[in-house]
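Lifted from Swiss-Prot, the feature list:
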- His12, His14, His197, Asp278: Zn(2+) binding site (BINDING)
- His14, Asp16, Gly170, Asp279: substrate binding site (BINDING)
- Glu200: active site, proton donor (ACT_SITE)
- His221: site 'Important for catalytic activity' (SITE)
Amino acid sequence: MIDITLPLTDIHRHLDGNIRAQTILDLGRQFNIALPAKTLEALIPHVQVTSTEPDLVSFLTKLDWGVKVLASLDACRRVAFENIEDAARNGLHYVELRFSPGYMAMAHQLPIAGVVEAVIDGVRDGCNTFGVEARLIGIMSRTFGEAACLQELDALLAHREKITALDLAGDELGFPGSLFLSHFNRARDAGWHITVHAGEAAGPESIWQAIRELGAERIGHGVKAVEDRALMDFLAQQRIGIESCLTSNIQTSTVASLADHPLKTFLEHGVLASLNTDDPAVQGVDIIHEYHVAAPAAGLSREQIRQAQINGLEIAFLSDGEKRALREKVAAA
């Protein structure tokens, strides 16, 4: 179902949600960190979703083992590099990797700005090695509160030229976007793009708030948008992108089944929705699975899947010239 004549993108992909189980095992041994299992086979159920989780917060606990083993900046650099290697193996031409430096730093009190630098270095080296094009999106983990998010923002701004956009992720219900207005004002002043996790756990009002108050140009997940016809019209008219993550939304119990997923409705309504993975290592999926298995199960026709692939580049945080160059590169391959 992937059109090989078009660029393949993944623009909603958490770097810190894509730490390989083998890497968790390796780093656990290297730093003498107690893990819930001593073999790869036994570890996987602890670090990968093997069935549907009851809610988003339960799903997010599966991510914790990946960051618990980040005991050095070199470890952060390694997982960043491996993220690009994984993208190349999946056949991705362009990837936007988002990461929460405070979350990655937390378990071992690493310097947050140092984590940002390590991720930048690892991604750069990976791109040079594997020929994938990538951009970085900084995440503020709202679950840890306003002050912690300010620390993350300051660390990201210290490397502002290497960061493309700012995101807000975590407990959407407990920490609404209204708490972070000043944070996003600073991000926009820095010239960054804005994408926000919204309409995943909370309703359409969370999406409206992300757009109107935080300046969101894209929405992560946004599944609740279909509950508000005016919002759907607005998204289509204003060309605000939706970063859809099919398998993830089922695993977090955000959507009951793939057949119930709103991606098809988004596309039928003219909303610029794209196909993405979210947390591939934790979910046990890759972008190929999303196109070949999840999208057809969600009722998408071949042409709708192709449109979602086109949308992925259309709403990417790239200039028109960069998009054109990527299209030409893939077409000539």
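Placed from the backbone N, Cα and C atoms, the Cβ positions cover glycine too.
Overlay of Swiss-Prot feature records on the structure.
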| residue | record | DSSP (3 states) |
| --- | --- | --- |
| His12 | Zn(2+) binding site | strand |
| Gly170 | substrate binding site | coil |
| His197 | Zn(2+) binding site | strand |
| His221 | site 'Important for catalytic activity' | strand |
| Asp278 | Zn(2+) binding site | strand |
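Checking Cα-Cα distances from Gly170 (substrate binding site) against the recorded positions (His14, His197, His221, Asp278) with a 10 Å cut-off leaves His197, in sequence order.
Taking the mean position of the Cβ atoms of His14, Asp16, Gly170, Asp279 as the substrate site, the remaining same-chain residues with a Cβ inside 8 Å of that point are Leu15, Gly17, Leu60, Leu63, Arg98, Phe99, Ser100, Tyr103, Ile139, Ala169, Asp278. Taking the Cβ of Gly170 (substrate binding site) as centre and 10 Å as the limit, one finds 21 other Cβ atoms among all the protein chains shown.
Asp278 (Zn(2+) binding site) sits 9 Å from His221 (site 'Important for catalytic activity'), counting Cα to Cα. Largest Cα to Cα distance within the recorded substrate binders His14, Asp16, Gly170, Asp279: about 13 Å as a whole number. Cα of Glu200 (active site, proton donor) to Cα of His12 (Zn(2+) binding site): a distance of 14 Å. Taking each Cβ in turn and tallying the other Cβ atoms within 10 Å, the top scorer among the recorded positions Glu200, Asp278 is Asp278.
You'll find the Cα of His197 (Zn(2+) binding site) roughly 6 Å from the Cα of His221 (site 'Important for catalytic activity').
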